[in-house]
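Notes for the one structure printed next.
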C-alpha cells in the first residue's frame, strides 16, 4: 500500500483507496490521545510548578533558603522517583497493560500531591516529591506508547507529539497557577496541591477508555483488540492492520518466549535501536531544557530581575513559547520528518545557548542594575525555547515510542525514559552548583558544546522513521545490524 503526502495538506492519502488520514480525521483517536496525554500534563505541571514554588518555600523554611543543596534536593527528588517509576514502568506496561499502568500512576501522583500540600517541613515535602515522581515516571513511559499503538502510522508522530504538547501545556499552566497564588496565604502549598486535580480527572476518564489494541492482540484478547481497531481504522484499513498484528504475533511465537533486559545489549538490532533512542533522551536533557524550565525564574533573577512576581511573569512567557513551539512541532514532525526536525532544532539551540552565555558573561562584569545584558539573557531563553520546542521536545519521545519491536517496546521505552530521568536528575542537581562554581555564562557554554555533540549523534545514529509501520522499523534495525547488501536503507529512501 502506497502512502503519499498531499502538498499543502495536513493529512495523507491512501493512493489505492483514495482515503485521507489527517490529525483531526478520527475524533475517537484524538480523544484517546488527549486523555492519555493528561499524563504528560502531570509531567509538565510538576516540572514547571516547582520552579515558582521554590521561591516561596525558601521564605517559609529558613533551612531551605540557606542551602543550595536542599533546594536542589527538593527539585530533584521528584526526578529520583521518576527514574524508579520509569525503570519499573516498562515492566508494568508489558505485564499489566498500558491502561492499568496509567491508573496506577494517577493514584500515586494524587497521593504525592496531598503529601506535598500538607508537608509540615522540608523533609516531608521531599517525600511528597518522591511519590509524585514515581507517578510521573510511570506516566512518561506509558502515555507515548499507548498513543503510538492506537495511532495510524501516517499521523503517529503528530499524535505522540500531542503528549509533548500536554507536557509543555502543563508547564505553562503551572506558571499561571504560580502567578494566581502569589498573594494567597500558603502560596506554595496551593501550587503543589492543585496538581492532584488532573490526576483525578485522568483516572476517571481512563476507566472508560480501552486498553492498547496492540497489547490486547499480542497479550490478551484478539476479538477485543479488533473491536478497538475498528474504532480507529476504516474497514478498508482494518483488515491490513489485523494481518500485520497476526504476522507480528506469529514471529513472536517463533522467537524465545521470555525476553530479558540483557537481550537489549545482546541482540545487535535491539542494541542499535536502544542506543539511538536512549541517546536522544539523554541529549534532550543535557542540552539544558529542564534547566530552563526548572530554574527559569531563578535564571531571570540572575539576569538582574529581582522581583519574584516579575520573574514568574517572564517565565510564563517562556512557557507559553514552549507550548506554542510544540504545536508547530506536531505539524512538522509528520511532514518534515523526525531526523531533519531534530537537526534543525539543535542548530538553533546551539546559537541560542551561545547567546545566553555571552549575555551572562558580559552582564557579570557590569553593576547590579538591569541593563541590556539582562534583557539579552531573557531573549536568549525565549529563542532557546523557540528552537527547542518544535524539534528536540517531541522527537525523542516520538522516536522512542515507535522504534522498538513489540516484545521490547515497554522494556526499552522504560529504559530509555530512565536514561532521560537520570540525565534530568544530573542537570537539576548540578546546575545551580555549577553556575556558582564557574559562572552562569560558562555553564551555558558547556551546554552549547553538548548540543554540538547531540547534532553529530542525530546525524550519524538516528534513522528517519516518518510514516513507517512498526514492522518496517523492525526491519530497518535488522538491516543496520546485519546489512542488506548495499549498505543503504531502502525502506527509508522509498518514503523520503
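All positions are counted from 1 along the displayed chain.
Backbone N, Cα and C define each Cβ position, glycine as well.
Those TrEMBL annotations? Automatic predictions, nothing curated.
Look at TrEMBL and you will find 32-466 tagged as domain 'Major facilitator superfamily (MFS) profile'.
The transmembrane segment annotation in TrEMBL covers 28-57 (among others).
According to TrEMBL, the transmembrane segment annotation covers 69-91 (among others). Here the transmembrane segment (69-91) has Cβ contacts under 8 Å with residues 46, 50-51, 54, 57-58, 63, 101, 105, 108, 112, 122, 125-126, 129-142, 294, 410-415, 417-418, 420-422, 424-425, 428-430, 432-433 of the same chain, all six or more residues outside its ends.
The transmembrane segment annotation in TrEMBL covers 103-124 (among others).
If you look up TrEMBL, you'll see 130-148 (among others) marked as transmembrane segment. Sequence-distant contacts of the transmembrane segment (130-148) (same chain, at least 6 residues past either end, Cβ-Cβ under 8 Å): 32-33, 36-37, 39-40, 42-43, 46, 77-90, 92-93, 98-99, 101-102, 104-113, 115-116, 156, 159-160, 162-163, 195, 199, 212, 397-398, 400-402, 409-410, 413-414, 417-418, 420-421.
The transmembrane segment feature in TrEMBL is assigned to 160-181 (among others).
Summarising the annotation, TrEMBL assigns transmembrane segment to 187-209 (among others).
For 310-334 (among others), the entry in TrEMBL reads transmembrane segment.
The annotation transmembrane segment is assigned in TrEMBL to 341-362 (among others).
Beyond its flanks by at least six residues, the transmembrane segment (374-399) meets 144, 148, 156-157, 160-161, 163-165, 167-168, 276-277, 280-281, 283-284, 287-289, 292, 296, 299-300, 302-305, 314, 317-318, 321-326, 328-330, 332-333, 338, 341-349, 351-353, 355-356, 358-360, 363, 420, 454, 462, 465 of its own chain at Cβ-Cβ distances under 8 Å. The feature transmembrane segment is assigned by TrEMBL to 374-399 (among others).
If you look up TrEMBL, you'll see 438-462 (among others) marked as transmembrane segment.
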